[in-house]
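Right, one structure below, let's go through it.
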Amino acid sequence: MAFRRRTKSYPLFSQEFVIHNHADIGFCLVLCVLIGLMFEVTAKTAFLFILPQYNISVPTADSETVHYHYGPKDLVTILFYIFITIILHAVVQEYILDKISKRLHLSKVKHSKFNESGQLVVFHFTSVIWCFYVVVTEGYLTNPRSLWEDYPHVHLPFQVKFFYLCQLAYWLHALPELYFQKVRKEEIPRQLQYICLYLVHIAGAYLLNLSRLGLILLLLQYSTEFLFHTARLFYFADENNEKLFSAWAAVFGVTRLFILTLAVLAIGFGLARMENQAFDPEKGNFNTLFCRLCVLLLVCAAQAWLMWRFIHSQLRHWREYWNEQSAKRRVPATPRLPARLIKRESGYHENGVVKAENGTSPRTKKLKSP
């Protein structure tokens, strides 16, 4: 892992060299961009990597506010923050997770899952706080009608656009991390599924100008995922601690219901009642019946798939639990061997002395002297 003291050197730009030094390589690239800010010739190009592009001034009653829309230059900004995320990933891994896992003495399988949950706990916790702050300051919680009113939401505030760029950067960085972290082949399909699922939903909300609805749905989803991975960390620390899993199971079903309700309310009813329903990609308007059906189908299919996996996992867990209980009941108790009766011819022994049947010691026969 990056930033560690290494005792073994690898050939330059070899596979092992890149794996063990990928965070250092990313840090060097980020440093080059930051150095570019110091010179007037390269400052404009450096700002292209660091700051969101496509800003416009929107006049208001008091003054002007700066808003943003998306474009191809966003890919450059996302690339820069992919390297930032790789560096932060390595810092969390080395200075937090590795120190904790050494004390727990986990197996290889549990160690891999512990690292995965540890990284996602940090990410989900940060994203929940950030997303909640954006939603509250922009007034999306107090005014639910703003999720579909004035669509298309082409002009985004700075914090909304920056949030989406960082989200895309994080989930894109998770793809090469599968290679850098040497994830087991059995785990790669499962992780690819939820990485691609997040990328499709976040990019879809960003490109289809459904950013307000996307923020609310991400807030709900990330809150549930944070609870799940926190429960898994506590389980790895103490296998008897499963109380948080019960809380997560209750929250999971409620979250699926809320996500489906909000999606149907905003897309199926809110956007359907808007007057402007013409397909106009140049103006960012995708409010047509076909687009609404596709978005609703995607959201409903994703929630149904997550719910099916949840039910399947719960049934398997209960089946294993009842099998263990039935196995314990089938184990026969070890029979006690009957006490072995000792046949005594006359009297019995007590403390090494022969006793008569009436409890008295037999008198020793005196020998007559000749």
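Cβ atoms are placed via backbone N, Cα and C, with glycine included.
Both Y70 and R184 are recorded by Swiss-Prot, but within differently named topological domains on opposite sides of the membrane. Considering N55, N358, the record held by Swiss-Prot lists N55, annotated as N-linked glycosylation site. For the topological domain 'Extracellular' (44-75), the predicted model reports an average pLDDT of 89. Same-chain residues lying 6 or more positions outside the transmembrane segment (160-180) and placing a CB less than 8 Å from one of its CB atoms are 19, 22, 52, 68, 70, 74, 77-79, 81-82, 84-86, 89, 123, 127, 130-131, 134, 138, 188, 191-192, 195, 198-199, 202-203, 205-206, 211, 214-215, 218. Counting Cβ pairs under 8 Å to the transmembrane segment (192-209), the stretch among 120-140, 251-271, 288-308 with the most such contacts is 288-308. Sequence-distant neighbours of the transmembrane segment (288-308) (same chain, 6+ residues past either end, Cβ-Cβ under 8 Å): 197, 200-201, 204, 208, 210, 217, 253, 256, 259-260, 263-264, 267-268, 271-272, 277-279. For the transmembrane segment (215-235), the most Cβ-contacting stretch among 76-96, 120-140, 251-271 is 120-140 (pairs under 8 Å).
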